[in-house]
Every structure is written in C-alpha cells, then in structure tokens.
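Written below as structure tokens is the structure these notes are about.
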Amino acid sequence: MQTTSDVLIIGGGIIGLAIAVELKLKQKRLQVTVLSRDFAQAASHAAAGMLAPHAEQIAPGPMLDLCLASRWRYGEWVEKLEQLTGMETGYNPCGILSPVFEAPHGNSSTNSAWLDQETIRYYQPGLGEDVIGGWWHPDDGQVDNRKLVSALRQAAQSLGVQIQEGVTVQAIAQRHGQVTAVLTDQGSFQADSYVLANGSWAKELLPLPVFPVKGQMMALRMPAGTHQPYPLQRVLFGPQTYLVPRRDGRLIVGATSEQVDWQPHNTPQGIQTLLGRAIRLFPALGDWAIEDFWWGFRPGTPDEQPFLGYGPCDNLILAIGHYRNGILLAPITAALISDLILDQKVSPLIHAFSPQRFLTTTNPPVLSCRPMTAVFPSIANPSLPHAAENSEGSKDLLEIAGRKFHSRLMTGTGKYPSLTTMQESVASSGCQIVTVAVRRVQTNAPGHEGLAEAIDWSTIWMLPNTAGCQTAEEAIRVARLGREMAKLLGQEDNNFIKLEVIPDTQYLLPDPIGTLEAAEQLVKEGFAVLPYINADPLLAKRLEEVGCATVMPLGSPIGSGQGIRNAANIGIIIENAKVPVVVDAGIGTPSEAAQAMEMGADAVLINSAIAMAANPVAMAQAMGMATQAGRLAYLSGRMPIKAKANASSPLTGLVG
C-alpha cells in the first residue's frame, strides 16, 4: 500500500488533529493524512484539560508568552469546533483557585489575586486544615479534554482529513536533506510536507530528547448538594495535585509525574499518592465514590518546553514535547505550524522552541558523540604532569562512581568574560570534569548561551549541577533534566549530578536537610550524587551512608575567594570518609588549592578564582599545577614538625 498526500501528519492526538483541522480550514483542497498508532493511547487522554499558565506558575519568557497567546485564542477556537461538529467541548473560562500550604515568596502574576485564609475558605468551603491561603487566577480556565479531542477528530473527518488508525510508523526515509517517505507496518506514505506530532514516541524515529513521563489520574463522583449542584465548584490547583470538577458531577484528580520509561498501568502506589494529596487539599472527597482511573504518557523534554519548527529535513516539521501543556497549546501550535507549512511564515513566538536549540551555537561546534572511555585520556598540556605516581610507581587516579580520571581539578563554566576564554581556560587547566548549571544552560541565561556545545564532551566529563534550586523537589527535577542533557550531548551513560540545594540567597549556604532528602531520592534513581555541603562531618557521613559518590564540603562561601576557613572540619571529613572528598567553593589562589590537596582532599572544584582572574587562562594553568603539586606533596609525606631547630649540615667535623 502506498498513499500520497500534500501533508502527512504522524500522530493522532490533540496536536496532530488540531494541525490537520487548521490546515483544512485555511486551504480546503489540501490533501491531509493523519497516521494514528492508537487513538486511545494519546497523551490527550491523560490530562485534566486545565488552561492554566498562571496556576502552573510558568516563568516569564517565551514559554509563558506562547501559553498566554494560546489561552487567548481558546474561546474562538472551540466555538468554531462546536459549530463544525455540533459537539460540546466543555470549555469554561472559570478561573482557577490555587490553595497553598506555605506562605508564598512573591506575587504569582500581575493578573492574580492573593486570598488570605479566611477569604479563600469563603470562596471555596471545605478546604483542608493545612491551607493557609491561595491565589485566584481569574483568566485561567478548563476544557473537557476528552470531549475536545472527540470534537477535533469529528471536525477533521468532516473536513476531509484522512485518518489512518492503527498504523505504526517504523521509519522516516530521508535523502539529500528531504523526507522521501514514511515507512509503516501498513506500507509507505508519501507527501510534500511531513509533520511529526507523535509525542513521546518521537524518539523512536529521530534522535530527539523526548521521553515519556507517565501520569496516573482518577475520577470521583461528587455527591449532589441541597443548595448547590455539587460541593466543589471551583478548579483547585494545589501543591502537587489538582481537582477539576466537571459539570456532569465527575471530579478529575491528577496527576502523578513518573519517569518510569514505558511502564504501563495504574499502580497502588500511584493511586495512593493521588488520594493522599487530594484528601489533604479537600478532605470531604475521601468519602466519595471512585468512578474511574487511567494513565498515559506525556511527552517530556529536557527543559519541559516543546519542539516547534523545522526538523533535520527541509520538509519535516516538528510539533512535539508539549509535556503538561498539550491541551493548552493546541490552538497556537496549530496556527504556527499551519503558517509554516502553507506560507513558510515563521512567527517570532516559535523561535525559542526550535528543535535545534540544544545543538546550535554561534561558536564553532565541537560536539562529538564518540563512545566515552573508562579512563579519560589526559588533555594535551605539556605544562602539566598526567598524574602523580604512588610509592609503587603506579598511576594515582581519581575514581568517582567507578569512573577514573587523571586530573584532580574540576572547573566550571560561569563568570568568564567570553566563551572563548572559558574554552581556553578549560584546556589550560588540564581538568577532565567540568560542571554545568542545568537551569542556566537550558534557559540560555546571559553568559550561558551556546555553552553546552562549546566544550568537547568526548574528552571532558560533564558534571551537571542543580544551581538555582532552593528545594529538594526542584533539585530532583533539575537533576533529571541534567541527565537528559548529558545524553543529548553524547554521554549516554553519564549519571553524575552535582547536587546543590541553596535557599539562602545572601551567603549561598546549602540546606543540609534538603540536600539529604534530594540525595536519598536521586541515589534511588541511579544517580552518582556529588553533594555540595557545609563542612559538617556528621552530614558528610550520613550522605555517604545513603550512597553518595562523593562529598563536597565548602572551603568558604561560593565566589568569596576567602580560602579554606574551616580546615579542621574538612580534615575530620577527609579522615573519616570512604568516598572521595572534593573541596568546593572559596578557593581563591593556587596556594589554597595546594593546601586542600596537601590536607588529603581527593580533588578540588574551582571556578570563580579562574574565571575572575586578570588572566583566566594563565590562572587555570596555575590551578592545575597547584593541584598536582599538592597531591604529590600529600603522597610524599611531609617532614615531622619539631620543637627545636635541626641544622641541615652536621655541627661536628668542621674544617678549620
């Protein structure tokens, strides 16, 4: 079987159907075909239909702009669908109430209002005892996602879209930068333009950082009240859970967020988690009838933002990775992608979501995907020795989580005057581990644009870090993104994470409780955790016991250049640790780096002292030499300290 169309869309969920409908509305004679693996498995079914950019607390930037633009279109968009099909979509711009259990740090958004404990309970009686207030987001709303997808499917068919159900795409055939055909279990399909909109399954066809995030959900039946139809009248978006009342008396409870690959089915643990969170938010629902529960796979990406725009071939367009916002972003995605296909019109909204954003840089790319070696080769720098030798003459290698390194100096990538200076400094230092702030790289923060691609990751081991995370939950989420970022850059087996949980914005001191909590979870998930901590011997021991690969006590506050102010505690940590000890933060001079190594530290991590030096490249070399000298001195053993002088030459048998 061979079928030819003007546009072939791979994926029959809400995004694929929305694009198909938009194309046909703009150009009726266009031949559009949609290939759907299994309509029932679409991520659209594993959703609650919330239109909630403010309740989701999406940070200001391109993603929020995209979400707001889509929400603004929603009323007109669903009205058009309802007119086409005569079907309801359940669209309701009802506003969303966001109860909280802890006092907020600042305003949620300019369009949102804070409600104190008394006021929020007036708005919605029956909230749990732990609720201390909440935000009212008047512009957010909801839609019945199942009704919406059914209406889209009906609209597509009525407009003449050919929907091929039960078709599994096996490969995308390419030649000379063009897709020539899509190969499936039911034959080949050809078209002038192709759209990849198959969510989590995209990575099976192209090497894209899209992965399944399992979500479990359930529905309860609300009892009808005497004076009001149902006891819960408002959408509640609480901490880690949401409750969405439908007009037919159902209450949608969601959702878990689990990176368990393709593990199917609802689980007792998942349902227990849902119920526990929901009952804490609204206790009365603990007595309501369970009507249904289900699960599905949301398409996640390393930065939790979609891929929109041209793919690796000129006639292939991507519309994938919408994660938690597929329902919300359907109208704007359909508009942007249809404009791209029909008019080659690239909206400013789409630029930040280019599929190339993880792979492009204004600097010459040095990205390599060659296999990583078990022992990293020494960087070519004739000024530095490869590694110290112990008394038996064998190489003295640094070993972390089973991986061996010649260099004991780790460096960072921030604060450099330019990307070129950073590249030259890394090379000059002789280091083999470079830490990268996941959040800043993913958001292209100032000074971090193109940073991930500026380093040859075939010779440098990436150490993703969770800088900027104030809670354990944040750090765990960012660690997972860091692992995916490392995979994308060719280090498929990189499970390292430098764990930073820092709520203190003045002194940047790490939170010991949050660090321990995050470390325990990340170790369970298979990470090699390198935790940044205060020089606390008891905490260091506890982190070692939960399975951390190293401990990284600070010498003094980050970026202070104060040197090692807590040598006694670091010495205790070194004496008792059975994992490598890395002195991290505060080192300002090569002599201080050597001091840490002479104390018996296994490695040092130095960034600011190099990046902020008058000559960073020369300082990087000096730090590398000092690290080697300090290690060699430690292995050699210093002379005993004596109370009295002892001349180097004998005092007897002198001439004359």
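Quick reminder: no glycine exception, Cβ is built from N, Cα and C everywhere.
Owing to the predicted nature of the structure, the values given are computational and were not obtained by experimental measurement.
Record check, Swiss-Prot: 1-deoxy-D-xylulose 5-phosphate site residues include Ala585, Gly586, Asn607, Ser608, and the candidate from Gly559, Gly624, Gly630, Gly637 also listed there is Gly559.
According to Swiss-Prot, Arg298, Arg324 bind glycine; the candidate from Glu56, Glu76, Glu545 that the record adds to this site is Glu56.
A simple way to gauge crowding: the CB of Ser608 (1-deoxy-D-xylulose 5-phosphate binding site) has 18 other CB atoms within 10 angstroms, across all the protein chains here. Across the binding-site residues listed here (Ile19, Glu56, Arg324, Gly559), the residue whose Cβ sits among the most other Cβ atoms within 10 Å is Ile19.
Relative to Arg298 (glycine binding site), the binding-site residues with Cα atoms inside 10 Å are Tyr323, the candidates having been Gly49, Tyr323, Gly559, Ala585. Summarising the glycine site geometry, the residues cited as binding it (Glu56, Arg298, Arg324) extend over a maximum Cα to Cα distance of 16 Å. Put simply, of the binding-site residues Gly11, Ile15, Gly49, Gly559, Ala585, the one whose Cα is nearest the Cα of Arg324 (glycine binding site) is Gly49.
Residues listed for 1-deoxy-D-xylulose 5-phosphate, Gly559, Ala585, Gly586, Asn607, Ser608, cover a largest CA to CA span of 9 Å. Counting every protein chain shown, the Cβ of Gly49 (FAD binding site) has 26 other Cβ atoms within 10 Å.
Long-range Cβ proximity for Tyr323 (FAD binding site), meaning a same-chain Cβ under 8 A and a gap of 6 or more residues, is found for Val213, Arg298, Pro299, Gly300, Thr301, Glu304, Gln305, Pro306. Confidence annotation: the region 'ThiG' (396-656) carries a mean pLDDT of 86 in the model.
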